[in-house]
């Protein structure tokens, strides 16, 4: 007689529950692009979704309290010239988001608290290097202002957003890059490519540490690093059946687990929770969310259950753990969009009777603070991400959410940044945006000071510019210069406007009286007539108002547009 032993796990009974429609987001025109991306990014403050937009690319940013039907004319983030392909929130600043587009440009945006009141078109910084569309943007988990981008030019570029400069250029992929993922401390990188191979790279120099065949199918594959070093991949076999695998970094070609799932053709996106070791598989076009638990014992990847919906999904985003509700034992929250424009909020919960804080469900999770700077990371230092406890609810430890820009002084910089909005730090069109005209870097930091204005340091010649304002002296000089130029321009326009009106009045007067010319004394001569009529010319009539204007114009000018008695001077405008 055989007995079936039930595996012991605190996540065996995790279940998903969709919120009511009035607690969700409706009327969202999700992007129709065929690019394999989740099209959605979430953090504890905002929900960002790539939307369909005419005349370029855009995405919508919504505060979590703005639920219900979204107005068709809601403010967007729309500075790209081509469709947006991927977006990612900065893990160390909930107000900063990066976006990649078909226009080959990566833009970094500052979103104000409370959301957008008008369409945002000027980013904080432009990152220009890729020659083809950028389909992947990914922030470093522990280093401040380090951003990875990948494009259809088969390049991976690691940026220091703080200076707008390229830190590393990786050119080891022969074809399109499908996915990339940092490991826990950001010291390694795993990528998948159209050549069906999976690679582990050194992100500081681009060295390939290991590579192997990922999945035999020709469709897109994806790979992620798990917290303890293993690699989880999704892809297709030769029969186009979807499958997933678990691999060790030192034996990529020999999977620990390789399991076939189904015959659907949608690319599966693995969404990973490092606190609970749960992996959620969500496919574009699927109507289910499957979730698995990774454990050290065989079969290593344990299927738990699935959340079923009646309609297929178009985009999906996962909330970081610090945005979950610990009072209801919520271990994950998803924002799922269908083709009808509804963004459904799905809560994954572990049933517990006690209302106390469940420490076994909520170990210390990722914080919103960076562990090291970009300069320390590129020089070879590694650090685990900062962790915080969720006991008592999440409270942000960040000192400032304002993105400040440090720009080196440049004699070619004549134009101060605009007041009242962020400034695009692109000084030349031929090189990397974010640098000044002579190549001086532009530094972007998560400032800790509360000052709102700029300051100049005579010691190092750097100018501190706070987004949204300039110094009083610069503003006064700029205003005086603009007022002078506008005064001159307005004087020229008024001169031409008066001349046109006078000429129109002259033509109208001549037309009304059937005259063809005006003599030098301002007396009208009769037009030549045909026929044999010998009736005398009519007596002179008193001049009309139009004629009076015409006579004044004739007296003032010489007929060639030169006015002898013109009194219009620029100072009188």
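Cβ from N, Cα, C; glycine included.
Just so you know, TrEMBL annotations never went through curation; they're auto-generated.
The stretch that TrEMBL tags with region 'Disordered', taken from the ranges 413-463, 464-514, is 413-463. Within the same chain, residues 35, 37, 82, 85-92, 98-108, 175-177, 179-182, 184-186, 189, 191, 201, 203-206, 366, 370-378, 382-386, 425-426, 431-435, 441-446 sit at least 6 positions outside the repeat 'WD' (127-169) and bring their C-beta atoms closer than 8 Å to a C-beta of that stretch. Across the repeat 'WD' (127-169), DSSP assigns 0 helix, 25 strand, 18 coil.
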